[in-house]
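Chemist: Among the features that TrEMBL reports, domain 'PAS' is placed at 262-294, 379-423. For 319-371, the entry in TrEMBL reads domain 'PAC'. Taken from TrEMBL, the feature transmembrane segment covers 40-62, 68-84, 96-112, 137-155, 167-190.
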Amino acid sequence: MWYYSLQKLLMTNYINRKWKAGLNIGRQNSSPYLDSKRTALLNSIAINTTLLSFVLTATYYGLGFSRFFTPLLVLPISLSILWCNSHYKYKDAKNIAFYGFFIAVTFWSFYVRRSGSELIYIVLASSSVSICKKRSGGFFAMIACAIFYFIYVLYDNQVPFIPDPTINYFIINTISAYITAGVVFFQVILQVDISNHFSKSLDRKYEELNAAFEEQNRIKHQLKINNTELSVFNARLDFLVKESNEELYSYQTAINDNLYSIVTDLNGIILKINDTLLNAIGYTREELVGQELIKLKSDKLPSRAYYAMSKTIFSGKLWRGETKIRTKEGICFWVNSSILPIVNSENKVVKFLSIFSNINDQKEAEKKEKLAQINLAENEKRLRLLLENQLDMVVISDNLKTRKYVNKAFCTFFGKQKEELIGVDYKTLYSEQVIDSYLKILDSLSFENPKITSTDIIENINGEKRWIQWSEVALFDLDKNITEILSIGHDITPFKEMEFQNANYIAQFEELAFKNSHKFRGPLSNIIGVINLYDRENYTYEEIVEMATWIKISVKELDIASHELSSFIHLYHSENKKKQGNSFINTDFIRAKAMHLNWKYKLKNFLEGSSSLTHSQVVSAHLSDLGKWLYTEGKSKYGHLATMQQLEKENRKIHDIARELLELNALGEQVKKESVWQKLLKASDFIIILLDESEGAVVSSILLRA
């Protein structure tokens, strides 16, 4: 355990990886064995020299040597060697290694005498064997080192030496001697390691070569077996080739009968042309063979396109594209072109086979489709502009009832921006009562029932309650599923106000007639009484004058009452004409709504003791004016409508509420009576809505038939 801890502490694995990486600088797998070995040795010399220069400099500095920096002279040389190897400049690296170190050692030895640096000549001489590729280079290096070493010794003995007091020459020489011995020993060890490494590599290569040789023998044996099988296969292949040729001839016949084909040389001269194309363009074979293919083109290709096509086919590749062919009459038609280069045995392009298929109908269809798309886009633009500027509210929702589009009128009505309304559920903006009604309507839309009309009371941005008539139209996909719902809302509040005004006029008219009936009955009774008295005989003059006076007074009273009725009727008709205009009105439902509103108006007076309603008309759903119409004319004409069937239930419900009102009125329960009265008003509003929806459905069906 301590061994691995020590290894981790000394970072031996890391140093080993870096050392191997340094040895492999500039080495290539494709290099010969000796060259690769020399490169590794050069790298090791450069790395070790770099490290030793720093170690010696530090040692000299520690010993107080004034010229401690001299070992750094070899540092640029070491780095230059590594740089040259990394850039695969092996010859430059070898020259720098020998001559650079030789010059540096010579300068060092003569500059710092007796420091032991002259021993490095020995290291340089021993390294030259590895550095130099040829033996002559190694011998030359050893002789040069020996000569300069001898010159140094001669110089040292002849020239007086003045010792440097800062240097311990014994220690310096000892260190230099040990370093020299260590470097030589290290180089020998390194050469042995590198040799062993390459020896193992050669062994592996030898084993691989033996394995490849054995595999080659096995393949030869297998080839002998395969040759026998190949002979059998060739016989079978001859049969298949013959059969394929027959099939190929059938394909060629089919192509000639259905496609256009031309064979041209490298200059575009027509060599062959099939009958199908000749029939299509109106030429004879004699008119075209030997002519340029350009004769059939409607126009020349743009230079860039022609260059791209030529580059493709002359490189031996297939080219495809759409072009036009011109007939003998000058008519052009579209074809889909495929130009196939034909090569010889040397794989050189010698001819071109052009095959064309007529796509003129397809191009015409594409042109029409594009034009239709443009027209559709324009129509959509005009439709959207029309919808946007409609006075009616327009909403488009998806099948999940989420708004996809709203027009300006819809935004103005609710005082919202489009961004606030689009992508929002339909439940926003509406009351719960309207939401329930709208949900029932949307759920009833189907392929068989694609359009529904309804009426709701909706509050606008100003807090005004407006009557809105909605026309819901469903749009479907091919599977008859709803994809979108188009809603168009028309403000019919003025029309509703006119209806209510009409009903109010009718109610007031009937009430006035009821209240003033005694004004007619009294004078008429007086006149009738006077006439009856006139049948008697023997009247005095005074009695006759008195009877005439009574008749005159009664006639005057009748005239006043008739003027009151005439004024009211005139006022009613003038107001009604102003509001009706030229609108289409279904009189059946207007009359029905007037009957109901008149009944409600009289009911209030009945509870106060001043109405012409009878008890039966209050509590019976069949005896009220609306009930009589509903169970006779209404059911016979409009009984098929779902809204009319709902109306029958609501009519019974409101008369039950009226019966409860009479009971509370008799008991004097004013608080409960007021609460029940509000309940009756809500039921009355719902009856009006049902009559509106029925009227809308009838009007829509009439318009559709028209």
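Cβ from N, Cα, C; glycine included.
Automated prediction, rather than curation, is the source of TrEMBL annotations.
Quantities reported herein were computed from a predicted structural model and do not represent experimental measurements.
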Chemist: How do the residues of the domain 'PAS' (379-423) split into helix, strand and coil according to DSSP?
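Modeler: Secondary-structure composition of the domain 'PAS' (379-423): 21 helix, 11 strand, 13 coil.
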Chemist: Going along the chain, which residues at least six beyond the ends of the domain 'PAS' (262-294) come within the CB cut-off of under 8 Å?
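Modeler: Same-chain contacts beyond the flanks: 256, 300, 325-329, 342, 349-354, 356, 358.
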Chemist: So what's the average pLDDT for the domain 'PAC' (319-371)?
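Modeler: On average, pLDDT over the domain 'PAC' (319-371) sits at 86.
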